[in-house]
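A quick write-up on the structure given underneath.
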Amino acid sequence: MRKNTIWNYSLIFFCCVLKSISTLDHGPHTVSVDSNRHNTQHQYKQNPNVASQRHSSHESGQSLHNSQSEHVTHIAASHAGSGGEHSTHLAQNLHRSSYNLLSEAMSQAVSNEFSSMGSGSADGACAADDFDCYSGSVQDRFGMEAIASLHRQLDDDDNGNIDLSESDDFLREELKYDSGYEKRQKAFHFNDDMHISVKELWEAWLRSEVHNWTIEQTTDWLAQSVQLPQYVDLFKLHKVTGAALPRLAVNNLQYVGNVLGIKDPIHKQKISLKAMDVVLFGPPRETGTRWKDYILVTLLLSAIIGCWYAYQQNKNAKRHLRRMAQDMEGLQRAEQSLQEMQKELERARMEQENVATEKLDLERRLKEAPTLSSSNSDLEVQQLKKEIEMLRNELSRAEFELVDNCWSPPPQLQSWLQYTYELESKNHQKKRTSAEKQLQSAREACEKLRKKRSSLVGAFVSTHGKSIDDVDRSIVEARNALGDVTNELQERLHRWKQIETCLGLNIVNNNGLPYLENVLYGRNGGLQSSMGMSSTKGSRARITNSTEDLDDESIQGKLNFENFSLLATE
């Protein structure tokens, strides 16, 4: 501010002297002064280093004032030599006009000084095209010089302005933008200003968001946009803010190399280009790195979720396989128990048939006893007598029991009950066959599933398919069918045991379903009568034995079915 004041005073006084000289003489002296003034201003414009040599004191300004006064006095003396009265009159007029002009100039300078201080203008009394004066009045002189250097770098035709084609060439050639730079170029040419001067570029830089960046924002830009995070600590150490980016943009060797200590030329060039971009065209554009990071994170999360889902499905499949294996083992045990029980039932039935056959043979032999020849041995006669005695005793006991009960079943009831038992046995056999088929199909499905699980593709398909659920459901259905067959067989044994106990008839041991159908529906009276007679005669003799056999069979069957039920429920 003090330098501006000195130069204002000097220029005003110099103008006053020129005006005074012009009033005295309009000859060659005026042309000489004007040419000297033009040469001085032209020298200031051509030599930008003059701005750095303007650190003069108030005494240098005063000496310049004295030298100019002596020059004016010398001119007045030269004119005074031309003679007498006219010289005295000119000297008085010169003294009076110089004093008036000097007073007016001083008052105008003071008013301009106060007006420039009040308005806060950055360039004060500098001319619009006087960059040296303008850079000398700003605080960030290095930043201003860097902005001017960038302006010269963009101004290809050296006309003092940056037009649209020059900025377009700079974006394409220097910053290597192939596309997507229209917004940044539009932001550079603010308000469609197609000709940008140094002053406008400096004012745009002062308004820029990048100019107000803090140290943290600058280091973030260095790490993310420039991708040189190794210099973050160095920037923090030297407190590099956004205002220092123009010096980085012009690749100031003193600042970048000596102050910051960055020696790698490739890194210097990279920092310079990125700094040019943000200084001239604003904050860096989105390069898509963040979106790539989002997509990468999303894909990573999807992969993790997919792996977790596959792991869960594999674990569930293994758990289903273990459960199916357990169910199959339970079904196998139930099947074995059922087969053993069926074998025991068949064995008991064969024993009952053998007993009945022996009884019939004994009765036949008793009937044929009178016709035996006397040649039979005494031993056989004794045995027959013993058997006859036993039969008589049992017959008498049965008659006694019938007399005590005072009720005897009808003759045909035994045949109908035997026929009913055979029908139930036939239906039970059908259900058992169906349950065995379900068991066999479940076993085959389980084997197929195990074969599929042996390969990777089959394991993936079986994991994501419905085959496991279908096999599991078929196993459960087979187990339920076996349970129903077991319960029904247990209930039948108990029920027919109670019926035989109450009636004293042999129902379980019979001559078979075809014979019973022939007897009951064939209308053969002889067979029916003989069946009735044999039943009345033999029933009393077989009541005790059949009851005891049914007791043993029911107890054994009950134990077997209890074991089978426990295996089936497992």
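Cβ atoms here come from the backbone N, Cα and C positions, even for glycine.
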Candidate annotated as phosphoserine in Swiss-Prot, where the set is SER115, SER165, SER546: SER546
Among SER67, SER375, SER539, SER554, residue that the record in Swiss-Prot marks as phosphoserine: SER539
Which candidate, of ASN212, ASN563, Swiss-Prot gives the annotation N-linked glycosylation site: ASN212
Counts by DSSP class (helix H/G/I, strand E/B, coil) across the domain 'SAM' (213-281): 52 helix, 0 strand, 17 coil
Mean per-residue pLDDT computed across the coiled coil (420-462): 80
Secondary-structure category, per DSSP, in which ASN212 (N-linked glycosylation site) falls: helix
